[in-house]
């Protein structure tokens, strides 16, 4: 299995007649962070529960560091989970919460105290040992939950939507802390979220799931730039989809032609295709050819940019423009496309 540390082979999971995971194959390299991303009900949390040993697969095998753990209990998998709900004991001090797993393993008091101290220092909570859960903030509670997992030094660390209960600013700081610690400690990690920004921020690779299947696995930048289906294109950020034509690297939309230098990376034959345009790929200018002309339908000020809906060739085209490049007085403009943010899909999609 080479450097593959966590491997799922031909995994199927059914509940009654309902198949929620359909012949899934997945491998994670030692020391990497991979995120399962997808809409509600796609199967991502079920995969995490299968890895943890909280569910058993109907078919297939699970390996950790080369060992078949398919039938092993959660206690025998050397795995820790950071939950969305934190799952802290309110009647225990922070130190006792973090050291609870060590105590259950029979680790002596002196060693336990030292390891708890080190774990709290890792999550920037040095000196919090004697406080209680109701004396700290939600963000601090999540860091306590993270310290409780790290103190056990697991082979695999699982994250089950750990930031869902935090506000936007805390989510940002916590995902940075999680990524920093995961890289510093080199812990193989599997992360579950429905939040694209979160997935992009913490991951070496992102796996997008839908209806119990893996749709695409790649680094975040590649997923966004080269989606392999309409589902991926719509799920990984906003885009406008147009009918187009590809001929030797030149793309035609509404009689407007432009060269796409990396067209070969989409592995399409010349001919009809679908062209996806991200909002940031569009520049609205005051001059252009007739086939570039669009009509401004609406514009909403979002703070650092304008979110604009235009009509181009009879279809809506979403545009994000900076305040310097757009005025509310504009009724018409001309579409200029940049190569970054334009992608191609098979017409059959």
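Just so it is clear, glycine is given a Cβ too, placed from its N, Cα and C backbone atoms.
Since the structure is predicted, the reported quantities are computational estimates derived from the model, not experimental observations.
So that you can see what the record holds, here are the features copied from Swiss-Prot:
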- 38, 39, 40, 41, 42, 43, 44, 45: ATP binding site (BINDING)
- 6-236: domain 'ABC transporter' (DOMAIN)
Residue 42 (ATP binding site): secondary structure state under DSSP, collapsed to three categories: coil
Which of 38, 41, the listed binding-site residues, has fewest other Cβ atoms within 10 Å: 41
Site of maximum Cβ density within 10 Å, from binding-site residues 39, 43: 43
Under 8 Å by Cβ from residue 40 (ATP binding site), counting only residues of that chain that are 6 or more apart: 194
Chain-internal residues, separated by at least six, CB under 8 A from residue 44 (ATP binding site): 36, 37, 38, 192, 194, 209
Spatial neighbours, same chain, of residue 45 (ATP binding site) - Cβ under 8 Å, 6+ residues apart: 160, 161, 192
38, 39, 40, 41, 42, 43, 44, 45 excluded, remaining Cβ within 8 Å of their centroid (ATP): 194, 209, 210
